[in-house]
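Novice: Below are the structure tokens for one structure; questions will follow.
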């Protein structure tokens, strides 16, 4: 029997900050306004540096995760959405594995959401303490206890703001969810910045612009050999180039097709050897040719882990053949010629296979994007396109309900 965990945390949920559900139907134009306000607050927090940090120029161990966690090094959005995502995944796993009991009643769902929020706040405090005490912002002994506490408070308040902004959208005041909005915004911001960044970088070839498009015009204007300038704009190393941008657009198009059918920042930490090196994506297609063993191990790891976690997730999230058969029985739906036990066996022939195949497809698209050098990483682009497509579907649904585009905004 599962633990009555929700009853244990019920007293704590009563003191948590909460966004009340709207008492009336929110018009589409109001949802757009609240979504824009939420996005504005998030972007402002991404630019406000943490007060009291001594240094954030050291190698960033979380560089590869920041795009999909919507975090920004050295700012109020240092933690991004990681506390929300972590708490949500853990609570979902506990509920799916029947370690905690969650009923279908509104009371149980409200308690479950409250427990998830409480767990998210605890994770925020824990992450903030770990970040400060491990020296990400300077030696704690040199900063002093007061400054360390101040940084922890800033990170906690910022994490609480993210939780409330996400809840604001989830309660129906805005469009989609805060997590989806922040991820898509962060990825799109990265792509636009890498394409049009006016920041200059001193390389062995001279001073160049970071943005791939601006670098193209700069190289053509300043180099006498135009053919070589074009080749450099398309294939330059260690900086965004036009091939990266084209690969990004290509992956966007591929993912949209499948959907339709169904600042010079801190230093990057590059793994150069060991397990982390082989499990990280190659820098470009040239890196694949230089070290094919690395590429093969990465392909095997990505495809295998995507298929494995896809199959595992349906088991722990209440989507397995047994769970689906139970739901069909509760809804008094049956498969002709099958009893309950045989129905589970029949569903088990398709659901795990479909989940694994879906994971393989997602992993394959991500690997292809990484090998082509797509800006924002393959996983990030897949997330961004999926989220943007969801917003497009919301827009189309709202338009169909009101009848015309002008009625949506006026």
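Placement of Cβ uses the backbone N, Cα and C atoms for every residue, glycine included.
Predicted automatically and left uncurated, TrEMBL annotations should be read as such.
What TrEMBL shows for this protein is this:
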- 40-74: domain 'Translocon Sec61/SecY plug' (DOMAIN)
- 32-54: transmembrane segment (TRANSMEM)
- 74-97: transmembrane segment (TRANSMEM)
- 118-137: transmembrane segment (TRANSMEM)
- 143-165: transmembrane segment (TRANSMEM)
- 241-258: transmembrane segment (TRANSMEM)
- 295-314: transmembrane segment (TRANSMEM)
- 347-365: transmembrane segment (TRANSMEM)
- 371-392: transmembrane segment (TRANSMEM)
Novice: Would the transmembrane segment (371-392) count as touching the transmembrane segment (241-258), if touching means at least three Cβ pairs under 8 Å and pairs must be 6 or more apart in sequence?
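Specialist: Judged by the Cβ rule, the two regions touch, with the required three close pairs present.
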Novice: So, by DSSP, how many helix, strand and coil residues make up the domain 'Translocon Sec61/SecY plug' (40-74)?
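Specialist: Across the domain 'Translocon Sec61/SecY plug' (40-74), DSSP assigns the residues as follows: 15 helix, 2 strand, 18 coil.
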Novice: Any idea what the model's mean pLDDT is for the domain 'Translocon Sec61/SecY plug' (40-74)?
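Specialist: Across the domain 'Translocon Sec61/SecY plug' (40-74), the average pLDDT comes out at 80.
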Novice: As a test: from 32-54, 74-97, 143-165, 347-365, pick the stretch that has the greatest number of Cβ pairs under 8 Å with the transmembrane segment (241-258).
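Specialist: Answer, by Cβ pair count: 347-365.
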Novice: In the same chain, who gets a Cβ under 8 Å from the transmembrane segment (347-365) while lying at least 6 residues past its ends?
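Specialist: Here the qualifying positions are 251, 254-255, 258, 302-303, 305-311, 313-314, 319-321, 324-325, 378, 382.
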Novice: What residues in the same chain, six or more past the boundaries of the transmembrane segment (143-165), come closer than 8 Å to it by Cβ-Cβ distance?
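Specialist: Same-chain contacts beyond the ends: 17, 19, 38, 41-42, 45, 50-54, 76-81, 83-84, 117, 120-121, 124-125, 127-129, 131-133, 137, 178, 182.
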